[in-house]
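Engineer: If you look up TrEMBL, you'll see 12-28, 40-59, 75-93, 98-115, 121-139 marked as transmembrane segment. Per TrEMBL, domain 'MgtC/SapB/SrpB/YhiD N-terminal' is recorded for 15-141.
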Amino acid sequence: MSEFFTLQLDYLLRLLIAAICGLAIGYEREVKMKDAGIKTHFVVSVGAALIMIISKYGFQDQVGLSNISIDPTRIASQVVSGVGFIGAGLIFIKDKSIVGLTTAAGIWATAGIGLAMGSGLYLIGLSATLIIIIGQVLLNKKIKWLPPTKAEVLFLQVEAKVTIINDIKEIFKAQNITILSLIGEISKEPTPLIDLEIQIKTDKDFNKLKLLSILQDNPIVKSIKF
């Protein structure tokens, strides 16, 4: 009987450590105002640990029976697939940029930590928790040290002439603005015009009003929309 309770306490300890690791990672995400915070990471970590315990120890009474074949890794492997659905719900497009990838990856990693705790790999699980938290904090600061960049999309209606693409490129080149993509289409206006969709890379020094003024002053540009 004492051995039974010792084993149950060991399982409980695994759940508690998984919960602490999930809370720690979730807190780091919550501080940064991410969609998945403390509660989500807590539940994923504890749930993964629980499933790992069931997968590893829940069928011991069936082990050794000649007519039963057991693969203890099968249940745990489904955690990785299942958590993928949660992660997919956190990834979306905002202002033509993909956001939520880091949080989704964090959920997936938290499930891995829960599996590690559930299987009794305490050192590996705790180490992974520390590495993830420290890595996210340091990499976030490192990114802030780098010049921030983002993309802007603008729509121009310009004269339909042979050299128009090169002319537009020269305008942006003179302002040290990098064109990421340029799509053109001949409009159905009575006067031949070309509709351009231009995606540009900008930084913290980008002045939208200055670029707007330069484009408005150019006779080949008929209309502008940011």
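Here the Cβ of each residue, glycine as well, is placed from N, Cα and C on the backbone.
Automatic prediction, not curation, is the source of TrEMBL annotations.
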Engineer: Using a Cβ cut-off of under 8 Å, list the residues of the same chain at least 6 residues beyond the transmembrane segment (121-139) that approach it.
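Structural biologist: Same-chain residues near the transmembrane segment (121-139) but 6 or more away: 14, 17-18, 21, 24-25, 28, 102, 106, 109, 112-114.
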Engineer: Could you give the mean pLDDT over the domain 'MgtC/SapB/SrpB/YhiD N-terminal' (15-141), rounded to a whole number?
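Structural biologist: Looking only at the domain 'MgtC/SapB/SrpB/YhiD N-terminal' (15-141), pLDDT averages out to 75.
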